[in-house]
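Colleague: Sharing a structure here in structure tokens format.
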Amino acid sequence: MTTILAIETSCDETGVGIARLDADGAVTLLADEVASSVDEHVRFGGVVPEIASRAHLEALGPTMRRALSAAGVTKPDVVAATIGPGLAGALLVGVAAAKAYSAAWGVPFYAVNHLGGHLAADVYQHGPLPECVALLVSGGHTHLLQVRSLGDPIVELGSTVDDAAGEAYDKVARLLGLGYPGGRVLDELARTGDREAIVFPRGMTGPRDAPYAFSFSGLKTAVARYLESHPDAVNADVAAGFQEAVADVLTRKAVRAATDLGVTTLLIAGGVAANSRLRELAEQRCAAAGLTLRIPRPGLCTDNGAMIASFAAHLVAAGAPPSPLDVPTDPGLPVVKAQVS
């Protein structure tokens, strides 16, 4: 049995998760503590890196103590941290702390990929992950991935050529005067609207477009132009039409990728995976295509330390070597690089 403590500080959530890796490879969540600084960013309409970094400094100690207490652990066997991608200053806070704990406790340190953590979060709810296609959708990332196992190299099938899906949500939420963060509020508003009242364009869906690539910049512009030309537009209908366009493209391409590759499982992960319409449409299309759909509960979709602990546990189980304590953070770490060693 191996106990893994993991720190997540890539953006505005300070997360500490603790997981247990059993001899049979099973991963069990022991603690998941998160402190968010989102309220400090609201008046700026987005995350301010300096504020996020200072908030991590203040929150990490108390969050660590709560996690250790909840798990009943005094000293883990492994310490892990998000090494990238993310905000440079925010990453430094978590990685520096993790390295210090690793050295003080005399245990191995694993520098792991934040995006891989999103994929690994689902294991807590649905068990070991089979070979699958993964749709990873978050505030700054939109990727289609081929995942053979969480301990094997990840293959990128496609990604966004401009805005990520989560970025589009935040930008359209601002256009509608919904404030920041906009994803959840826009989702709630869209549920009260008519998603067929306004049909917005679906980017990168033409016969000559890359089948697994995404584009949401044009959709955002289309919403802005619609609002300019329709000053009396019903915001709920605009939100519903926008959300339908995003969910349609994401699920259509994800199901196609799984079908093309002959895999039977589709995993959807990342913050946008908490979106109600995306989950609903994915369920419908996976059922029609004979695919098994896996989506973590909403609390596991957003940033947290538990997902980093899970991913680190799978790397340990696969025999990956620890990372050196002088390994640098990598704010632009690509999704296909699971670990920095």
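Keep in mind that glycine also has a Cβ here, set from the backbone N, Cα and C atoms.
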Colleague: Name the one residue among Asp122, Asp152, Asp170 that Swiss-Prot lists for the same substrate site as Leu136, Val137, Ser138, Gly139, Gly140, Gly183, Asp187, Asn275.
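Modeller: Answer per Swiss-Prot: Asp170.
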Colleague: For the Fe cation site, Swiss-Prot lists His114, His118; sort out which one of Asp260, Asp303 goes with them.
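Modeller: My reading of Swiss-Prot gives Asp303 as the candidate in that site.
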Colleague: State the three-class DSSP label for Gly183 (substrate binding site), counting H, G and I as helix, E and B as strand, and everything else as coil.
Modeller: helix
Colleague: Taking the Cα atoms as reference points, how far is Leu136 (substrate binding site) from His114 (Fe cation binding site) in Å?
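Modeller: Pair distance, Cα basis, whole Å: 11 Å.
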Colleague: How would DSSP class Gly140 (substrate binding site) in three states?
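Modeller: The residue in question, Gly140 (substrate binding site), is coil (DSSP, three-state).
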Colleague: Report the same-chain neighbours of Asp303 (Fe cation binding site): residues 6+ apart in sequence with Cβ closer than 8 Å to its Cβ, ordered by sequence.
Modeller: Glu8, Ser10, Cys11, Glu13, Gly15, Val34, His114, Gly271
